[in-house]
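So Swiss-Prot lists the following for this protein:
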BINDING   ASN87, SER89, ASN137, SER587, HIS591, ARG602, ASP604, ARG651  NADP(+) binding site
BINDING   SER134, ASN137, ARG141, ARG147, LYS257, TYR422, ARG549  D-threo-isocitrate binding site
BINDING   ASP352, ASP550, ASP554  Mg(2+) binding site
Amino acid sequence: MSTDNSKIIYTITDEAPALATYSLLPIIQAYTASSGINVETRDISLAGRILANFPKYLTKEQRIDDALAELGELAQTPEANIIKLPNISASIPQLEAVIKELQAKGYDLPHYPAEPQNEAEESIKLTYAKILGSAVNPVLREGNSDRRAPASVKQYARNNPHSMGAWSKESKSHVAHMASGDFYGSEKSVTIDGATSVNIEFVAKNGDVTLLKSKLPLLDKEIIDASVMSKSALVEFFETEINKAKEEDVLLSLHLKATMMKVSDPVMFGHAVRVFYKDVFAKHAATFEQLGVDADNGIGDVYAKIARLPAAQKEEIEADLQAVYATRPEMAMVDSDKGITNLHVPSDVIIDASMPAALRASGMMWGPDGKQKDTKFMIPDRNYAGVFSAVVDFCRENGAFNPATMGTVPNVGLMAQKAEEYGSHDKTFTMKAAGTVRVVNSQGERLIEQEVAQGDIYRMCQVKDAPIQDWVKLAVTRARATGTPTVFWLDENRGHDEQMIKKVNTYLADHDTTGLDIQILEPVKACEFTLARVAKGEDAISVTGNVLRDYLTDLFPILELGTSAKMLSIVPLMNGGGLFETGAGGSAPKHVQQFEKENHLRWDSLGEFLALAASLEHVAVTTGNARAQILADTLDAATGKFLDTNKSPSRKVGELDNRGSHFYLAMYWAQALAAQTTDTELQASFSSVAQALTKQEEKIVAELNAAQGPAIDLNGYYFADTKLAEKAMRPSETFNTILSALL
């Protein structure tokens, strides 16, 4: 039996999954130790990435390696086996909060310079820019995405359906999007013929040329596109829809993805803030200028910065802000008790989480009075607004989906090598003046030209040919494995998709598709086709580009399972390695708030269990380690029993939480290992563990639950004290002693 090269990298990330790791990782390391599998960690947390990027500001003892860069290189090798937990895609307010916390702990980091005054500050801002937004996933995702609900999870959801709000045919909820002037309407796209490099140039009205991006290398057959979001059209859209929401008597909400689309979406968010609160911004323009208020950071930035003003001036501005609410429509709230609105912070309302939540809740959001109400969902760009609109219309007509009977929608997502919009950040610009932006190749040919006005957002995206070939192959593989109708969600009327459709048709011809139902539909039609099947209890595989991959792998799991954290998320890396992502949910800051308040962590680690089983199976297949396969099979059995016996964490303090759920997984896993007969040595070593855990079950659960109740301080939110966190997450001495016997 070969156990060489059996190494799994388990990532240290942020917030709730990071806390859960303190409890779960020791179990994983204990159970894999005798099978020749090394489970190592790498810190890709937000705090860790900041420290890794500023070594010259730190003492020798404070410096840490750049784990993300290391994993990015590893992902391009056949040896890669990485379990990736959710991490923070940082907004600027979050980034500033981490910097402040680290500075308070003696790390002499530079402040984030929002408006750099010199070259040194420019350089600091550029370094921080690499850490903002979705800085982790594009580096690790050297493959396309295969996301699905495992059979055991889907069956559990059918047997224990989560709550779904009833829909009324009279619901006034609807999606509002632009009719023109958006990215969709302006997109132009070409396929590159022969490797080259391009410059992105801005040509002013007077003919002056400014270089926006130089020598961007492009491969043969790569698709590029460029599009523009018109500032004037966007502002007019916000003006119109805000007024309409008042007339229609619905809540007003805005759904963007300011975390991932870190350059474009905060700017769009800022325009909504300035339009909604235009009277306040006009009246106090000089004060806001002096304070450095940035609407792109939300109206919360105004509240934060006026705190420095003399009391009378501060109160005047607060009264003016309050007066706005009397003349404007009611806004959807993030926290009605605290008065936190949809427009407070750009990272508070993220479309892939906020829209499914509203769809589950009768198409409503929460108003300022703490009650649910029909809502206008503003999704400015037409590229993806129609998909959400189709779901709203379907539910209004047909009622809410039934989790006990509905089908499932696995996704095959194109994302390798920073595909499409999610690789666009270094090619997205807010235009300082009117003119033309052109993409010019090394031969001087103009590939794409776009007219722009001052304040418009210009965005160029790219997708390489090899990832598209791999994506088509993965789609055919899943269609063949399941026999499920498989739909490419592509719109021939969109510039980029028109090029994609040509490639999909070409590469589908390379595969045997006999007997398979594979079709290409524009996203709204694809969504309607899928919804109709799912409502009848039938399945449909969605094959999508990068953004829809992100949106649909939240939308359907949340409707089907109540959460996207329970998805199996496999990224078969293009060079033979494996990346195993634990669910599609975020890092759950609200779970941490509850943990700090009453030492109860409700994070559900099911995503980690599923990813670990897939990772162990990958070890078995790639290294011939037979014990890894036994560990994977028994873990699957344990996870099934975990679901059947309902040992997921409760939301209520004093009941089973994340730590208790880990104990039950460990007990069921040990029992399964003790029951298998393929490897008698492994069976013998786990028999005593299974007996001890079974015998001490009551005592261990009592010890774990007894820790709950009082508030807990880990001396840090983003950069907790590891000793305190370990102590807090492993409070059962009995359990710890039994585990230590395996090491």
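Each Cβ is built from the backbone N, Cα and C atoms, and glycine gets one as well.
Have a look at these and tell me how they're positioned relative to everything else.
All protein chains considered, the CB of SER89 (NADP(+) binding site) has 24 other CB atoms within 10 Å.
Over all protein chains present, the Cβ of TYR422 (D-threo-isocitrate binding site) has 22 other Cβ atoms lying within 10 Å.
All protein chains shown were included, and the count of other CB atoms within 10 Å of the CB of ASP554 (Mg(2+) binding site) stands at 25. DSSP assigns ASP554 (Mg(2+) binding site) to a helical segment in the three-state reduction.
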Just to be sure I understand the packing, how many Cβ atoms besides its own are within 10 Å of the Cβ of ASP604 (NADP(+) binding site)?
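ASP604 (NADP(+) binding site) is surrounded by 22 other Cβ atoms within 10 Å.
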Please report the number of other Cβ atoms within 10 Å of the Cβ of ARG651 (NADP(+) binding site).
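So the number of other Cβ atoms within 10 Å of ARG651 (NADP(+) binding site) is 10.
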Determine, using Cα-Cα distances only, which of these binding-site residues is closest to TYR422 (D-threo-isocitrate binding site): ASN87, SER89, ARG602, ARG651.
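Of the binding-site residues ASN87, SER89, ARG602, ARG651, SER89 has its Cα closest to that of TYR422 (D-threo-isocitrate binding site).
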Looking at Cβ-Cβ distances, which residues of the chain lie under 8 angstroms from ARG141 (D-threo-isocitrate binding site) while being 6 or more apart from it?
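Sequence-distant Cβ neighbours: ALA75, MET415, ALA416, LYS418, VAL571, LEU579.
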Work through the binding-site residues one by one (SER89, SER134, ASN137, ARG549, ARG602) and name whichever has its CA nearest to the CA of ASP352 (Mg(2+) binding site).
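Ranked by Cα distance from ASP352 (Mg(2+) binding site), first place goes to ARG549.
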Taking the Cβ of LYS257 (D-threo-isocitrate binding site) as centre, how many other Cβ atoms lie within 10 Å?
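So the Cβ neighbour count for LYS257 (D-threo-isocitrate binding site) comes to 26.
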